[in-house]
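The next block holds one structure in the form of structure tokens; read it before the comments.
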Amino acid sequence: MTKTTTNLLLMLITILAGTYFYITCCSSCGASTAEEPVKEAVTAPVTPEATSYPFAFSDGDYAYNENDNYNFNVSSSSILMPLSQKVTDGIASLKAFLAENAGKVINLTGYYKSDETNDSAFPNLGLARANAVKNHLVENGISSTQINTMGKLMDEMVAKGEMFLGPIAYGIGDAAPDAEDEMKALRDKINANPLVLYFETNQASISLSAEQRQKVADISRYLDKVEGASCNVVGHTDNVGRRGPNVRLGQGRADFAKSYLVRNGIAATKINASSKGPDSPVESNATEEGRAKNRRTEVTLN
């Protein structure tokens, strides 16, 4: 065998050996690398920033604007105390403005979310919150006749923990020119179809329908807007038993209903609680159904 032939054979053997080792070793390494799953990047959850609404109102050249405001817990219409000094200063400023401008009113719009629990007597927590702020302004010398209250659904609100920051909006406007006629019509409507409550005096609370909640809101509004106005809360019973104990039972019902209204922001001085016992039935006492209808408490306006 010549030297050239020997060299060619060695080269061929080297090529074959290299190919064999590549196929059996290196290519398997590459395959295993290609089969490794791609790791997805982990994104941390984004916590939405809490919303905050300012204590701000203006009219012409008059304006007040501060970030601090009235705060409330979730599913609550009770103002969180203490208030900041900036809110206290703003109340004093608003009081002076309204005293100098008798034809102006402050409109309070309370915000609420649809997933909150409304344990108040009002149609929604927004109106209950606005009513709470109204009562605080009245305590600080602002006339309730110059305050309007409303509620507004605001599902985009985001709580800070368990607290909403400033879920109250403000606007200064002109008093309604037909306010007196409107209040007279409201009184006539309530007295023609009073708020009627059925409950036992040992109940912890009173469960209201949507219609009853609206009547509470209307009664509260009338008492705010009409100077010297009051409401009558009268307890009634059936005729089972003696009259004296029934009168006392009716008084207990009236007192319980009065306490409920007071807890929901209606001033005790504007509520007259009394009893008629069995003297004013609305149905016959001959049937259990009729007697149940007669065991009631009625709320009307003066």
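Backbone N, Cα and C define each Cβ position, glycine as well.
These features come from TrEMBL:
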- 7-23: transmembrane segment (TRANSMEM)
- 186-302: domain 'OmpA-like' (DOMAIN)
- 271-287: compositional bias 'Polar residues' (COMPBIAS)
- 271-302: region 'Disordered' (REGION)
- 288-302: compositional bias 'Basic and acidic residues' (COMPBIAS)
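DSSP assignment over the compositional bias 'Polar residues' (271-287) gives 0 helix, 7 strand, 10 coil. Applying DSSP to the domain 'OmpA-like' (186-302) sorts its residues as follows: 54 helix, 21 strand, 42 coil.
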